[in-house]
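Student: Handing you this structure, nothing more for now.
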Amino acid sequence: MLVLGIESSCDETGVALYDSAEGLVAHALHSQIAMHNAYGGVVPELASRDHIRRILPLTRQVFEESGRLLSELGGVAFTQGPGLAGALLVGAGMGRALAFALRVPAIGVHHLEGHLLSPLISDTPPAFPFVALLVSGGHTQLMLVSAVGQYTLLGETLDDAAGEAFDKTAQLLGLGYPGGPALSRLAAAGDATRFALPRPMLNSGDFDFSFSGLKTAVLTLVRKQGLGQAADIAAAFEAAAVDVLVGKSLAACRHAAANRLVVAGGVGANARLRERLTAEGGRAGVSVFYPSLEFCTDNGAMIAFAGAQRLASVADRVARASDLDFAVKPRWALASLGPVE
């Protein structure tokens, strides 16, 4: 089955074609980073308008690059949530309308399920079950994944997400948007041992996270030291955040008796996190899997893939063929999803 995937939950417009028999056929992405940079963060109304401008040209692009035809589509998948309501509606409206016109089923995909399954797009996907670290600007969760749609929440952030902490710390250090990558580049030139920062909840005995205290500690440090030691502060923050993510993730693997760990989401592109998890995972007998760097951030490929897995169910396809509802879910718990029948 050839599935078109549409991602428009925040500040990236992504479109992709996934063939159940051939794999990923084509994908295209437009990032709004340059547009939002002047505002220091995502402006929802601007994001929605830009999705409207980009979504059709990107759709044409993936069909032209792949040589596939609209008539070959077996289904359409779009991000239904969580995310910005207006941005989500752009992709949902496009997906439902196209599916209705072609008389094929459409399915709303959970954004985090797309991230969680993105490493499975590779040539060497992890086998089930595995523990997944979902780590992005809006979410930080540890999940036990038994199969597609069978997710057990092990722990999550109690306040700020890891990616949010990276971005806010970057703002404190006078860096641009998006802050996470800029902070990591600055940290590479710093001394992580220069300043001692807390590792919140590292030894709490559970799998929950908290990054607000770490962010506050950085604020206190910046007020005391100024920005003359910005590289060292960035390095100390990154080391502290990575320590917590690595420690909690491997503890969750031990708890679940899982020897496979999947890392997904934008923070999964962080080089220090990848280096530490791979090294310490290896010592613990845990194989660590990552999506390719281009699929760490939001993209249409992960939505097309996740949609294809769910549309593989004949019953699901029949049920969705006449479904015209394109309501979105700005808030949507991943653990509430049902399994693929």
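Heads up, the Cβ atoms here are built off N, Cα and C, so glycines get one too.
Look at Swiss-Prot and you will find H111, H115, D298 tagged as Fe cation binding site, backed by sequence analysis. As annotated by Swiss-Prot, substrate binding site applies to L134, V135, S136, G137, G138, D167, G180, N270, with the evidence given as sequence analysis.
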Student: Show me the subset of H111, H115, D298 whose Cα is within 10 Å of L134 (substrate binding site); these are the binding-site residues I mean.
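Tutor: So the list is H115.
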Student: Which one of these binding-site residues, L134, V135, has the sparsest Cβ neighbourhood, judged by other Cβ atoms within 10 angstroms?
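Tutor: Output over binding-site residues L134, V135: least Cβ neighbours within 10 Å is L134.
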Student: Based on Cα distances to V135 (substrate binding site), point out the closest of the binding-site residues H111, H115, D298.
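Tutor: Sorting the binding-site residues by distance from V135 (substrate binding site), the top entry is H115.
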Student: Just the number: how many Å between the Cα atoms of H111 (Fe cation binding site) and G137 (substrate binding site)?
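Tutor: So the alpha carbons of H111 (Fe cation binding site) and G137 (substrate binding site) sit roughly 13 Å from each other.
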Student: Across the record's substrate-binding residues L134, V135, S136, G137, G138, D167, G180, N270, the largest CA-CA distance in angstrom?
Tutor: 17
Student: Same chain, not part of H111, H115, D298: whose C-beta falls within 8 angstroms of the C-beta centre of the Fe cation site? Give them in sequence order.
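Tutor: The answer, listed by sequence position, is E7, S9, T79, L112, G114, S136, G265, N299, M302, I303.
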Student: Which three-state DSSP class does V135 (substrate binding site) fall into?
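Tutor: SS state of V135 (substrate binding site) = strand.
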Student: What does the structure give for the C-alpha distance between D298 (Fe cation binding site) and N270 (substrate binding site)? Integer Å is fine.
Tutor: 15
